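Novice: Dumping the structure here so I can ask a few things about it.
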Amino acid sequence: MTALVPGPDGPGPASDGPGPAPRRSGPARPPRVGVLALQGGVREHARMLVGLGADVVPVRRADQLDALDALVLPGGESSTIDRLLRVLDLRDPLRAAIAQGLPVLGTCAGLILLADRIEDPAPGQQTLGVLDVTVRRNAFGRQADSSEETVATVLGPVRAAFIRAPLVVSVGEGVEVIARRGAEPTDTDAPIVGVRCGDVTGIAVHPELTGDATFHRALLGQAAVRRAG
């Protein structure tokens, strides 16, 4: 027979001893973000993401995509990256991962890779075709014409470098213009340098070279939403 002990509202069953300790969850693991590591500005993106608390995975094989929370496609030479993607059988797995909702940030050449269409492709050049836009390579001049500027974006002003940057010539239905050069994103006369559709973001510039983490923070926010879902 269970003994009764007085409680604040009268007698109640006595405890047979301390109950189980409350379950404590361990610290949440950091977001796991891949950086496509075939060519280009891999180190700069990795450094920025680590500074924001991410666990960075240099991606060179298809199986490395499986456990990612987000992915960065860095700048570099878009035709070279395209060729390496096909040589390493990474193109189709990348397309599949993005189609399944993996948040992606493409910068400069990464934007070109994401685009559906290139106005002036190198011979044989292909894209991933996951963002309904047309781009033009090297639209703002050669390497010698590089500059560092503040770009107006829907996330606020972003300091970034233009290095042989592409231009977004046209956008399809459902694609949001998120950045323009030298103007507010709503200024329809200014060159388009950033677009977004769902969790796929492409920008023509290099914020990783100026230390502006605005877009990388946004990517980690998308990763957190995906993990919570």
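Including glycine, each Cβ sits where the backbone N, Cα and C put it.
In TrEMBL, annotation is done automatically, which means it is predicted and not curated.
Predicted, not measured: the structure shown is a model, and the values here were computed from it.
Take a look at what TrEMBL says about it:
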| type | residues | note |
| --- | --- | --- |
| REGION | 1-32 | region 'Disordered' |
| COMPBIAS | 12-32 | compositional bias 'Low complexity' |
| BINDING | GLY76, GLU77, SER78, ARG137, ILE163, ARG164 | L-glutamine binding site |
| ACT_SITE | CYS108 | active site, nucleophile |
| ACT_SITE | HIS206 | active site, charge relay system |
| ACT_SITE | GLU208 | active site, charge relay system |
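Tell me about the setting of these features in this model.
Specialist: The DSSP secondary structure for SER78 (L-glutamine binding site) is helix.
Around CYS108 (active site, nucleophile), a 10 Å sphere centred on its CB holds 30 further CB atoms from the protein chains shown. According to DSSP, CYS108 (active site, nucleophile) is assigned to coil rather than to any helix or strand.
HIS206 (active site, charge relay system) falls within a strand segment according to DSSP.
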Novice: If I take the alpha carbons of CYS108 (active site, nucleophile) and SER78 (L-glutamine binding site), what is the distance between them in whole Å?
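Specialist: Computed Cα spacing between CYS108 (active site, nucleophile) and SER78 (L-glutamine binding site) is 8 Å.
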Novice: From the Cα of GLU208 (active site, charge relay system) across to the Cα of ILE163 (L-glutamine binding site), what is the distance in angstrom?
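Specialist: Rounded to the nearest whole number, the Cα-Cα distance is 12 Å.
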Novice: Near the L-glutamine site, what residues other than GLY76, GLU77, SER78, ARG137, ILE163, ARG164 in the same chain have a C-beta no further than 8 Å from the centroid of the listed C-beta atoms?
Specialist: GLY40, GLY75, CYS108, ALA109, ILE112, ASN138, PRO166
